[in-house]
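Here the structure comes first, spelled out in structure tokens, and everything after it is commentary.
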């Protein structure tokens, strides 16, 4: 199948074909997700949570993101690989933000970067786009701002915040973003923003009218069982499968039924 590009996802919006995105953090999972048909693989700073056990995404460093992205890029043949810029890599001087994005593209072989926020990051987005780096925006619940919000509750329920989100979506589009993630906002607002933009929207907890959907792969596969938000659908219970399989292995080792004659030299 042909490789997915930023142009591909734009065409998918125009043709009304929903975009399927998932997070990936390593070679093995990226290879499987790519083969399964995921259009976009997001190397998310959520690796801090599901791979490293942190409570927030803030501890993730740029070097760590580049490492995970390198692993993912080596595992794909088709999917578009988008890499989160972590907290501290773009919030300051726009030149530093551009340098961070350049490192991700050069060292990881990524196809695009993603960053959170609206008006405050527009200049950084413009610098990246001018340099030829595709940028995905992220509005609504932005996990890197959790200590500012104080909660992971739904964002933009009140009209003032909804108006700000509408304006920020337009700002990101005008700055050159090729797509924008809408996280944990009312479905009606997400549908309105999606209709108002010429670029694709990717929803997570934002209803079914966005141009695509993204989930943390560990959540979709039933590996993060201590985190069960309303917007997640479990497509497997791999936690149970893995526990059962390893339990069987341990049992076979204990009773010396593994290895058997066929598994020995």
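Backbone N, Cα and C define each Cβ position, glycine as well.
Binding of Mg(2+) is attributed by Swiss-Prot to 45, 84, and within the candidate set 11, 14, 116 the record adds 116 to that site. Working note on the recorded positions 84, 183: by count of other C-beta atoms within 10 Å of each C-beta, 84 ranks first.
Spacing of residue 84 (3-methyl-2-oxobutanoate binding site) relative to residue 116 (Mg(2+) binding site) is 9 Å (Cα to Cα, whole number). Of all Cβ atoms in the shown protein chains, 22 besides its own fall within 10 Å of the Cβ of residue 46 (3-methyl-2-oxobutanoate binding site). Long-range Cβ neighbours of residue 45 (3-methyl-2-oxobutanoate binding site) (same chain, at least 6 residues apart, Cβ-Cβ under 8 Å): 57, 60, 65, 84, 86, 87, 143, 144.
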